[in-house]
Structure formats: structure tokens, C-alpha cells
Amino acid sequence: MSEQVILNIAGVNKRFGGLQALTDVGIRIMQGQIYGLIGPNGAGKTTFFNVITGLYQPDSGTFELAGKAYSPSAPHDVARAGIARTFQNIRLFGEMSALENVMVGRHVRTKQGVLGAILRHKAAREEERAIHVRAQELLDFVGIGQFANRTAKFLSYGDQRRLEIARALATDPQLLALDEPAAGMNATEKLGLRELLVKIKAQGKTVLLIEHDVKLMMGLCDRITVLEYGKQIAEGVPAEIQKNQAVIDAYLGGAH
Amino acid sequence: METFIQQLLNGLVLGSMYALVALGYTMVYGVLNLINFAHGDVLMIGAMIGLTILQLLEAYVPGLPGYVQLALAILGAIPVTMLVNILIERIAYRRLRNAPRLAPLITAIGISILLQTFAMMIWGRSPLPFPQLLSSEPIMIGGAMISQTQVLLLVLAALAMGSLVLLVERTRMGRAMRAVAENPRVAGLMGIDTNRVIVATFAIGAALAAVAGVMWGANYASITFTMGVLPGLKAFCAAVLGGIGNIYGAMIGGLVLGIIEALGAGYIGDLTGGFLGSHYQDIFAFVVLILVLTLRPSGIMGERVADRA
Amino acid sequence: MALLTFDTQHKPRQAYTSMAIVLVLLLIFPFFAAQFGNSWVRIIDIALLYIMLALGLNIVVGFAGLLDLGYIAFFAVGAYLVGLFSSPQFAALLESVIYYSPAIGEALVAFFGPEIQQNGIHLSLWAIVPLAALSAALCGALLGAPTLKLRGDYLAIVTLGFGEIIRIFMNNLNDPINFTNGPQGINMIDPIRIFGVSLAGEAGSNATVHIGSYAMPSVNAYYFLFLALVIASIFITGRLQHSRLGRAWVAIREDEIAAKAMGINTRNVKLLAFAMGASFGGVAGAMFGAFQGFVSPESFSLTESIAVLAMVVLGGIGHIPGVVLGGVLLAALPEVLRHVVDPAQQALFGKVIIEAEVLRQLLYGLALVLIMLVRPAGLWPSPNKEERPNAALARDDEEASTT
């Protein structure tokens, strides 16, 4: 089985004024893996996310997606290249319905513009219909199909998280990057999320995942990188990470 | 060279008034992240009240020296403008503190219209002459003329700005204002009554605008209900130029903008080969604003905006 | 509003019936109003143009969430375009060029010909409308470009600045080369001609338009033209709203960062919003110039920009029927009130305490303040897809999710 490297990042450095937020961070994710990124608060996980998705400009680093170099300079280019993300604090389009939120996700893979909007000729109508159908499919896939017409801001918290994932999937990404999708969820909701992520992986999608729930991560991820103060202190399969002394020290404080 | 010094002096006079109004904008923006669109009209209210006071003085206590009359006009205008600004904050802005950002701005625009309408109803639509109370003999400085009124203006502006600096740096209220400007929530946790501070901020801004308004009237000898709109906008541009939220920035920005406008109006004909004349004076402020926001958004002295995290 | 709905997506039958009813009422209106004098129809003609402006601004402010306080500049572009190319003004322009630089002047006269030197350029409606739309759209993109990275309130002030800059230029571009004729404005602008019929009526006909054997007052003729334009505007903006582009605009409005993360090129999409919105302003401006027969810088001040904004805000930001309502209320109501309130004040107080102009200003100011405080979504906001579920629905939801 030929395994393709989906994401190949190396040598990322990012400084904010006096703070070195990331030092020489790099990861390699293979096709179909769920790759975890963990670390104490402030370790630089979201910063790393923001760098690879174009929200922050790195001081240095190489970025490759599915073998092709990509430039993380503008978020919309990154989305077009094939990385879709969710946000730590949910960022939905609150006034739009759930369905419309996911339809926006299709924007990057569709092309009708002003003329298509006004004239609604055959190609435009077909594209619109296809967007509609795919959006409903994705809503069903993540389990909130029945809320298609509900205004997004009125969805329950757990459903909003699912909606964000559906929207990200709508961009047909090579890599799905999820920033703390389980934050604020209770145990039942986390189980539901786990099931969803397993479903996504079963479809062959590759996932990069930031999370704090260590148990969830250990059971779900194929490989994990641990960050602390912007540096990688460990990388490997969950079993190795759990036994890694540096990791234990980072989380529990270590001996002083 | 004479023209240059003359325009420089004109610029300083104009800039002082801009600085006084800019301070009001910058202080409110610093604590509330809100452009008080109606602030220019507070200047107009100050001028109108000042005029009314002068008319009353003329009717009941004629013959007072010019300086005294002006002082009384200013002292009388200040409480009124303070009241107006405090009412605006209470009625319009307080409820919208957590609303999406455009809501307070739109409300502010509405308040601006209402202020102008009330002024139009009370004082009429035509421009009103503002009496010339000081001697009109100009003082010569290096070949350029400056009137006594303008000198008084500069002195008052300097006094007002100096007092403000003292207030902000040396008093308890000033410290509280700085704290709220930096992080309202934490300031509240430290025991500062943020509402009181915000009210004080509006009041102080209004007082400065009153001074500017009365002196504007004295300087230009004519006031009208729309007089505050354009100077208000320009003063906001000055505040951004200096660094929004930054009191020293507002002062510097005001002076710099005044000088740019005066020099620009004086020389624009020469610069553009006769294509553009001094009628284009008003666009300088906006051009400066666009340049600042494009090239150096934090302004000359750096912005100081509340941490809204 | 329960009987009247325009929601073609969810209640098509009711929506189309409502539209048909409204359309019939609109078509017979002028004949009904003519009983009371021509001035009513004239008021509605101007109101229709303002509704067009409001619909255009709705794209920028309502859909994309960009607070443009200088929108009237595009109205000015359209109006002055028709002033320059549908009137004797171009002749005055050539004259001023000759005076300033005889060499260039003579060259231009040779290019344009003596006919134009005498009478100016007189383009027809079919050339003017697309020209106005395109010029305004171009201006929209140009003026929008520097604002793309600015946050909401700064964007408002910068667009305001642009509006003022345009007004000042219009007021002063008469020397040395006479483009706009300065504060006096341009008059003798041609009326609209459709298929050879002038909407101002032929000379000596007392402003009556004759189509075949049928005659109607000029204001009525303009009414139908403007009504058609407004209907077209409603149609176009409606189509834009429910399209990939419309969704992109709303996405930017709701959360620009998320929109970017989903692959939307926010720079281009915002520029499109400015351009599309501006084009409506340009066409409305051209119609305004032709209807009035003259244009002057006074009609294009900050007050006007704010008036159009007030219509959008009052009616229902982003909701097309709401915007039309806002336009009707704020454009027509002051005039209506004047006819009612002035005599009422005379009867009650013996004199007019609150004049029409003051009333108009009061209405605008109050509209903005009260709406933002009491009902920020506007008088007629978009019906939310499904409101916050009540208890019963919530129970059903829970059961459904955990199954």
C-alpha cells in the first residue's frame, strides 16, 4: 500500500515581539491518519494552526501539501490548496442557516459569479443544485441533517461544532484541521464526536487534531506531537507518548 | 517666507481647535471603542450657547471688557455641553455597549442629525454673526499677522490641554481613566466605577469642545447649525493621525493637521499648476486619514485602545 | 405583514400573489393620484430613485456589512455623467480647454467636430444607462480598494471622506477646465427619450407625453420608467442575494476570518460588493439628472448619503422588502406629512412651528436612533429561518440527536 505524505511541514519559527511562540516545529502526516497535537495551554498549538492555515505569517518554514509546496500567506489560498479548518471558539456564520453555512463551504470549489447569479442560466442553476445537494449530504453525514433550515446561532453547542466540521468538509479538503473540537463537550457528546471522527477517517480523509482531552487523543490518534513553550518535546504513537518522561513532566510539572 | 509664517500661524490656530475636539474623540474611543460621531455638533452647541450668553450679557450687563465676556461665555457653555454629552452617553450609547460595532456608530449619526435639528429649531437656519469682542488690531510676528482673538485661542487651548494632562497624569480620576482606557473589565475588578469614568470622559471632552466652539465663533465671526460637522470629522482624522486613544497623539495630530491644511491651502495652487485651488482645502484631512490608515494605522504616537478580549 | 409575503423560496404561491397585487396597485397609482395634482406623482418619482439607491446601498451595507457613508458619490457620478454627455455642457468644456490651452483645445475640436463644439454631446438613454452603471461600478471598486483592510468604523469614516472629496471636486472642477460648472451645476440636461418619445413631452405640449393616441403627464411617464427600474433592481438584488456570491457577502459580514478560511477571496468579493452597489447609484443618478434637467453639488452631500443609509437601516438591513419599505417611508413620508402637518399646525396654532425641512431632519435622526435602540434589525427584518425552538421542538431535537 503506497502511503502518501499529505502534510509535510518543517522548520516553522514564529516570534511575536519578545515571545518566541514556535521554535523549529515540523510534522509529517500520512494519508488517512488522524494526527494529534497536544500540549499545555500556551504551548503554541493554535499558533501553529494559524501559521499553517495562513492566518499568521511564519518567520520561516517549509510547507507541502500532498507533495506540492503551498504558500501559507493567505487563508483563502490555503483553503483552495486543500486545508480546511475549524476554530477553537466556534466561528460560524450565525445569521445563516445550517445549510447555508455548509453551502458557503462549497464556495472554493465552485465558480458562478455575478452573471450566473443574475441570469441563472443552466450551468448556474445546476451548480446551485449541486451545492445544495452536497451541503445536505454533509449535514446528514455529521448528524444534523434535520436542522438544515435552522439559523446557525440557534443550534445547540454540540451541533454547532458538528456544523463547523461539515462546513470544513464541504471544501473537499486534503487535510481537515480541527482546533479543539471537543472543547466544552460532556462525555456523551465527546463519544459522538469520536464516532464522527472515526467515520471521517473511514472515508480516507486525513485529520490534524488539537485537543486537551488526553484520553480522547490517545484512543483516537495514529500519531501525536507534543508541544511545550513552542518546542516539540515528543513525537510518536500514543503508547510512546504516554510513557515519555518529558511529556509527563510538561503536564504534571516535573521535579524541581 | 512671509506667506509661510502666516500660513504656519493660521495652521497653529486651526490646529489648536482641532486638537481640542480631537481630544474628545480620542478619549471616548479609548474607553469605548466608539466614534462619537456627534462630537462635532457638541462644538456647535458650545458656540451657540456662547453666543446666547454674549447676547444676554450685552442686554443686561453691557460694557464688560471683551476678555471677561468671552470668559463668561465659555464658562457658561461648558456646563451645557457637558450635560448634552452626558445625556447622549446615557440615552444612546450606554445600552449599546455590547452591540455589534456598527450599531453605536449609526446611533451616533442619528444623534448628530438630531442635535443639528434642535439647533436649527432654536437658533434658526441662517448663519448668526458672532460679536468681535477683542480689539481687531493685529499683532505682527515676523511679517505675519495674528489677531488678539487668535492669541487668546492659542493660550486657552494650551491651558486646557495642560490641565487635561495634569488631570490624567496626576489625579486619581486621571489614573482611573487610564485604567479604564486600557482594560475596562479589569479596572472594574479593581474597584473602579467604570460608568463614572466613562461619564467623566464624555464630560471632559464636551468641555474642551465648548472652548473650541466659542473660540471658533470668535475667530470666524459667524456660526451656524451645521458648523460642527466638518470640523468634527477633521478632528477625528487628526485623532487618528496622532494615534487614536492617545491623548498626546490627539494634541499633536490636531496641530499637525491644522498646519497641513493651512500650508496646503496656501500652496496647493502653486503645487498643481493652477489646477487645484484653495477651495480644495477640506480634502486634506481626508487624504491624510486615508494615508495614515493605509501606511501607518497606529498613527504618529501609537494608538491606545481598550483591551476588549 | 402576515398577508403580504415576498418569500419566494419558502412560500412561492403566496409570494407571487402578493407581488401581483402590489404590482397592480402600483400601476394604477398615478392615475389615482393625478386626481390630487401632479405633485404627488413627482414626489413618488423621486422616491423611486431613492428606493433604487437604497437597494444598491443594501448590497454594500446589508449583504456585505460594509458601512459606506459616502454612497451618494456614485449617485453624483451618474448624474454628472448625464450632465456632461446629455447636455450642452461638453461644449462649455471644450471652450474652457481652448481658453486654457489653445493647442489642445483646437485638437479636441478637430476630433469632436463643430457640431459638438456648438451643442455638446447628447447621448441617448441606451448609451447613458450602461455608461453610468459601468462608470459608477469602476468608481465603486476604486473607492472601495483602500478600505479593504479597515475595520467597520474606520471604513465608515474613510468612505465618508471619499464622498466629501467627490463633492468638493464636483463643486470646483470648473476651473481651468469646465467639467462640472462648479456650484452652479449643469442645466439643460436632455430628458429621457425612449424610442424617439421624449418623456418630458414635446415643446408646447405642457409636459404631456403622447404615445400614439394616448396622452399622459410627463411625471407619469417617468413614474413608469422609474418603476420598471426599481422592479429590475429588486429582481437583480434578489437574485444576487440567493446566489453563491450573495452567500459569500453574508459570510464576510458574519465572520470575515471564517470566510477567508473557507476559501473566499474577501478582497475581490468586497470589491464586487462596492462595484455592484455603486452601479445602482450610477443609474439612479443618471435618471435623476435627466428627470430634473439639472444637477448641482448640493444634491450630493453627506446628508444625502446618511438619508439613504437611514432608509436601509430603518427598513431592515439586508432584507429587500424591508429596504423598499424604508425607502418609501423616508422618501415619501416627509412630503406627505408636510401636506398634512402644515395645514394642521396652521389650524391649531395659527402658524407653522415645525417646518417641513425640520420635520424631515427630525424623522431621519429619530429613525436612526430609535431603530438602533429598540429594533436594530429594522422595521421589516428577514424572517428567521426557524426561530429559537420552543420547548416542544427542543425535546424533539434532543431525542433526534441522541438516537
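Note that Cβ sites are derived from N, Cα and C of the backbone, with glycine treated the same way.
Annotation source TrEMBL lists transmembrane segment at C:15-34, C:46-63, C:69-85, C:125-145, C:221-238, C:271-294, C:306-333. Summarising the annotation, TrEMBL assigns region 'Disordered' to C:384-403.
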Interface check, the transmembrane segment (C:15-34) with the transmembrane segment (C:221-238), three or more C-beta pairs under 8 A: yes
Touch test for the transmembrane segment (C:221-238) and the transmembrane segment (C:125-145), at least 3 Cβ pairs under 8 Å: no
Sequence-remote partners of the transmembrane segment (C:46-63) [C-beta within less than 8 Å, at least six residues beyond its ends]: 71-72, 74-75, 223, 226-227, 229-230, 233-234, 237, 240-241, 246, 249-250, 253, 273-274, 276-281, 283-284, 287-288, 291, 307-309, 311-313, 315, 317-320, 323-324, 326-328, 330-332
Among C:69-85, C:271-294, C:306-333, stretch most in contact with the transmembrane segment (C:125-145) (C-beta, under 8 angstroms): C:271-294
Residues from the same chain, set at least six apart from the ends of the transmembrane segment (C:69-85), whose C-beta lies under 8 A from its own: 53, 56-57, 60, 93, 121-123, 128, 131-132, 135-136, 139-140, 143, 156-157, 159-164, 166-167, 170, 179-181, 185-186, 189, 277-290, 294-295, 297, 299-302, 304-306, 308-309
